[in-house]
Amino acid sequence: MTKYSSLSGIFSRKWIFIRGIPTIHFLPPEGPPEIAFAGRSNVGKSSLINALVQQKSLARTSNTPGRTQELNYFVPDGFSGEPGNLPPIALVDMPGYGFAEAPKNLVDAWTHLIFSYLRGRTTLKRVYVLIDSRHGIKKNDGDVLDLLDKAAVSYQIVLTKSDKTKSNELAKLIMITKTKLLKHPAAYPELLVTSSEKALGLEELRAAILQAIAV
């Protein structure tokens, strides 16, 4: 039994937002294992995090692409954060990428923050890269996957909004995506298929997260 074997109910607890990180200099000291969520703007990161912990408004959702401009940290409530009473896990909502209409200086700032975090965080156990099941992997997604490979950061693809895709199209996308991942050495081979709106694939995602932090 690992130290994380008893955490199966952790996603039923109340979770809280603890801080937003606008630049790499504001990162908290490395402590509990971190699980990060990356994806294009409006791919559904905030909605998926809310569904994951069964809270409607933990992570802010917005119809405005690029609203999330910081690394947003969430932890289960009831831990002081002091040595000896650290939370067992932290979830990190990363700034969305691929928003072409954002000012270049903002895009550059977000890019630097994301890349610096990925390269230098030893407590980062896995990045879940969210891909809209209606569109598949786009160039911006591919660039992020290449970066994760170079940084040797373990990541796993999560297809979102699967309820909005016909079953035959979804099956085809899964096959195409798995084939593309064969060229990415840091990619976890298993795809996760989810829908925040229909609560599909959430148990599988929770189990994958617990497995990732136990490694």
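Just so you know, glycine gets a Cβ as well, placed from its N, Cα and C.
Now, the feature entries from Swiss-Prot:
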type	residues	note
BINDING	39-46, 66-70, 93-96, 160-163, 194-196	GTP binding site
BINDING	SER46, THR68	Mg(2+) binding site
DOMAIN	31-215	domain 'EngB-type G'
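Rounded to a whole number, the C-alpha distance linking GLU70 (GTP binding site) with SER46 (Mg(2+) binding site) is 13 angstrom. LYS161 (GTP binding site) sits 13 Å from SER46 (Mg(2+) binding site), taking the C-alpha atoms as the reference points. Using a 10 Å Cβ-Cβ cutoff, SER46 (Mg(2+) binding site) registers 22 neighbours. For the pair PRO95 (GTP binding site) and SER46 (Mg(2+) binding site), the Cα-Cα distance reads 10 Å. Secondary structure at GLY39 (GTP binding site), taken from DSSP and collapsed to helix, strand or coil, is strand. Of all Cβ atoms in the shown protein chains, 22 besides its own fall within 10 Å of the Cβ of LYS161 (GTP binding site). Within 10 Å of the C-beta of PRO95 (GTP binding site) there are 26 other C-beta atoms, taking all protein chains into account.
Following the DSSP three-state reduction, the secondary structure of LYS161 (GTP binding site) is coil. GLU70 (GTP binding site) has a Cβ environment of 16 other Cβ atoms inside 10 Å. Cα-Cα distance from GLY39 (GTP binding site) to SER46 (Mg(2+) binding site): 10 Å (rounded to the nearest whole number).
Using a 10 Å Cβ-Cβ cutoff, LYS45 (GTP binding site) registers 27 neighbours.
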